[in-house]
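Have a look at the structure below before the remarks.
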Amino acid sequence: MIPVLLIVATIVFFLIHLIPGDPAAVILGPEATPEEVEKLREELGLNLPLYSQFFYWLIGIFQGDLGDSIYMNKPVLQAFVEHIGPTLSLALLAQAISIIIAIPIGVLAAKKQGTFVDHLFMLIAMFGMSLPSFLFGLLLMLVFGVHLQWLPAAGYQPLGAGIWEHLKYMILPAFALGMIQAAVIARMTRSSMLDILSMNYIKAAKAKGLKERVVIYKHAFRNAFIPILTILGETFGSLITGAVVTETVFNLPGIGQLVVNSIVRRDYAVIQGTILIMATTYLVLNLIIDLLYGVVDPRVRLNRK
Amino acid sequence: MEMKPSIQMEPKIDYDHFTSIRNQLKKEQRSLFIKRFLSNRSVVIGGSILLVLIIFAIVGPMVSKYTPLEIDPVNRLQGPSAEHWFGTDNFGRDLFSRIAHGAQVSLGVGLSVAFLTAVIGLFVGLYAAYYSILDHIFMRICDALMAFPDILLAVAIMAVLGPRPVNVIIAVTIVKIPVVARIVRSSALVVKEQTYIEAMKALGASSWRIIWFHTVPNALSPMIVQVTYIFAIAIILEASLSFLGVGIPAPNPSWGNILYDGKTVIYSAWWMTVFPGLFIILAVLGLNIFGDGLRDLLDPKSHKAINKQ
C-alpha cells in the first residue's frame with residue numbers, strides 16, 4: 001500500500017503542477033506588477049525547482065502537514081475538514097439507502113429466479129445502473145423540488161441546524177446517489193445468492209426441513225455476503241465520484257466544490273491534499289474490507305494461519 | 001539426384017480440397033456465430049438502441065431546420081412545439097439541433113475512449129503478463145490510478161490540458177486504461193500457463209509470436225465486453241465533466257453542457273433537462289444491455305451459465 005501511495009502522491013503533485021497558470025498571479029489579480037508577483041512567488045516557495053517543492057511537500061506529509069491553502073489562508077487539513085461534512089453525510093446516507101433497498105431486492109430476485117418479479121427487479125436495476133447520479137439528481141430536483149415543491153430544490157443546512165433541517169436538504173441528493181449504487185449491489189447480491197443457493201449444503205438444509213427464511217438468511221446469505229462486501233468497497237470510488245458531481249447539482253459545499261474551486265484558483269496545496277486524502281481513504285477502506293472477510297467468513301481466518 | 005523420384009512417389013496431396021474444407025468450416029462457424037449473435041435478446045435490443053442513436057446522430061442534424069449555434073433572443077426558452085421539436089434554450093437556440101449535434105460529440109467521445117483504452121490496455125496488459133519487471137511497474141501505476149476517484153482525476157487532467165473535446169477523450173482514456181489493462185493481464189496470465197503455450201515455446205516460437213498470435217485471441221473476448229461498458233462510462237464521464245464546466249467548451253453542444261445550461265433555468269424550462277437526460281439514459285442503457293448480451297455470448301462461464309443451473 002505504501003508504494004502505491006507514493007505513486008499516488010507523485011502523480012498528484014506533478015499533475016497539479018502541470019496546470020497552466022501561476023498561483024501568485026491568480027492571487028494578486030491582473031493589476032499586480034511583476035515584482036509583486038515575484039515576491040509572492042518567493043514567499044510561497046514557488047520559485048524553488050519543482051523537485052525540491054515536491055521533496056518538501058513529501059516530508060510535510062510524513063509529518064502530517066499537507067501544507068497551507070494559499071487562497072483561503074489556512075491549513076489544507078482544516079479546509080478539508082470544513083468541507084467533508086456534506087460529502088460524508090451524502091456518501092453515508094446514499095450508501096445506507098442503497099443497502100436497505102438493494103440487498104432485500106437482490107435476495108428476493110434470487111429466491112424467485114426466472115419469475116416476473118425477478119425480471120422486473122433486474123430491469124429496474126439495469127435502468128438504475130444506466131442513470132448517472134447527477135442526471136437522476138436533476139430529474140428528482142425537477143419533480144420534487146420544482147414541480148411538487150415537497151423538498152428544497154438545492155442548498156444545504158449543517159447537522160447543527162437540526163436533524164430534520166439537515167435531512168430535508170440531503171434526501172434528494174442521497175437518493176440520486178444511492179440509486180446507482182443500489183442497482184449495482186442488487187445485481188451482485190442476486191448473482192452471489194444464486195451461486196450459493198445451487199450448492200449442496202443448501203439442499204441438505206432444505207431437506208432437513210428448515211424454514212425457507214432460515215435457509216435463505218442464515219445459511220445462504222452469510223456466504224453470499226463476501227462478494228457483496230467486495231462490491232461495497234470497490235464502489236466507494238464511484239460513490240465519491242458521484243458525490244462530487246451530485247454536490248454540484250444541489251449546491252452542497254462539499255469536497256467536490258472544494259476541489260473544483262481550488263483548480264480554478266490554482267490552489268495547488270488544496271487540490272493535492274484533498275485528492276491524496278481521497279485516494280488514501282479508498283485504499284484504507286479496501287484494506288479494512290479485506291480484513292472484514294475474516295470476520296464474515298471463518299474459513300478465510302483458518303486459511304491464513 | 002537419387003532422391004528426387006522418391007519424393008514424387010509420395011501420394012499427391014490435394015491442397016485445394018483442404019482449403020475448400022477449411023473455408024467451408026470457417027463459413028459455417030461464422031454463420032453459427034451470427035445466428036447466436038442474433039438469437040441473444042440483449043444483444044439485439046441493446047444493439048437496436050445503439051443503432052437508432054447512431055442514425056439520430058447522423059440524420060438528426062440534416063433534418064433540423066436550425067443550426068446548433070444559431071442564437072434567437074426573441075424565442076428564448078420556448079417549450080416543445082411543431083417549430084422547435086424539443087423547445088429552445090436560454091439563448092433561443094434550437095434544442096433538437098443541439099441534442100443531435102451533441103449526440104455526435106458524446107458518441108464520438110465514447111467510441112474514441114473505447115477504442116483507445118482497448119488498444120493501450122491490450123498492450124499494457126499483455127506485456128505486464130509476460131515480463132515481470134514491466135508487471136511491477138505497470139500494475140503499481142494502475143493501482144495508483146485506480147485509487148483516484150474517476151471524476152477528480154479527470155477534472156485535474158482537464159485542468160492541465162484545457163477544455164477541448166480531444167482533451168476530454170485523453171482524460172477519460174487515462175482514467176479508464178487500468179481497468180482494461182488488468183482484465184487483459186489476468187486472461188493473459190491464465191493463457192501463459194496453458195500447455196499449448198509451453199509447446200509453442202518448445203518449438204522455438206518467439207515471445208512476440210506467442211503474445212500476438214496465441215494470447216491475444218484468448219484475451220480478446222473479456223476485453224471487448226469490458227470496453228462496451230467503458231463506452232457507456234465514457235459517455236457519463238464526458239457528460240459529468242461538461243456539466244462541471246470543464247469538458248466540452250460552450251457554445252459547442254454536448255449532452256452534458258446542455259444539462260449545465262438547463263440547470264440554471266430548471267424552474268422555467270424542464271425540457272432542457274429532460275430531453276438531453278433522456279438521450280444519455282438511452283445511450284448508456286443501450287450499451288449496458290449490449291454489453292451484458294456480449295458477455296453471455298463470449299464468456300459462457302459468467303453469470304448466465306450460473307443462472308441457468
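All residue numbers here begin at 1 and follow the chain in the order shown.
Backbone N, Cα and C atoms are what each Cβ position is placed from, and that goes for glycine too.
What TrEMBL records for this protein:
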{"type": "DOMAIN", "residues": "B:107-291", "note": "domain 'ABC transmembrane type-1'"}
{"type": "TRANSMEM", "residues": "B:43-63", "note": "transmembrane segment"}
{"type": "TRANSMEM", "residues": "B:105-130", "note": "transmembrane segment"}
{"type": "TRANSMEM", "residues": "B:137-160", "note": "transmembrane segment"}
{"type": "TRANSMEM", "residues": "B:166-184", "note": "transmembrane segment"}
{"type": "TRANSMEM", "residues": "B:227-248", "note": "transmembrane segment"}
{"type": "TRANSMEM", "residues": "B:268-291", "note": "transmembrane segment"}
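Of the Cβ pairs linking the transmembrane segment (B:166-184) with the transmembrane segment (B:43-63) and spaced 6 or more residues apart, fewer than 3 are under 8 Å, so the two regions do not touch. Among residues of the same chain six or more beyond the transmembrane segment (B:43-63), those with a C-beta under 8 A of the stretch's C-beta atoms are 37, 96-97, 99-101, 103-104, 107, 279, 282-283, 285-294, 297.
Sequence-distant contacts of the transmembrane segment (B:227-248) (same chain, at least 6 residues past either end, Cβ-Cβ under 8 Å): 105-107, 109-111, 113-114, 117-118, 150-151, 154-155, 158-159, 163, 165, 168, 171-172, 175-176, 179-180, 254-257, 259-260, 263, 280, 283-284, 287-288, 290-291, 294.
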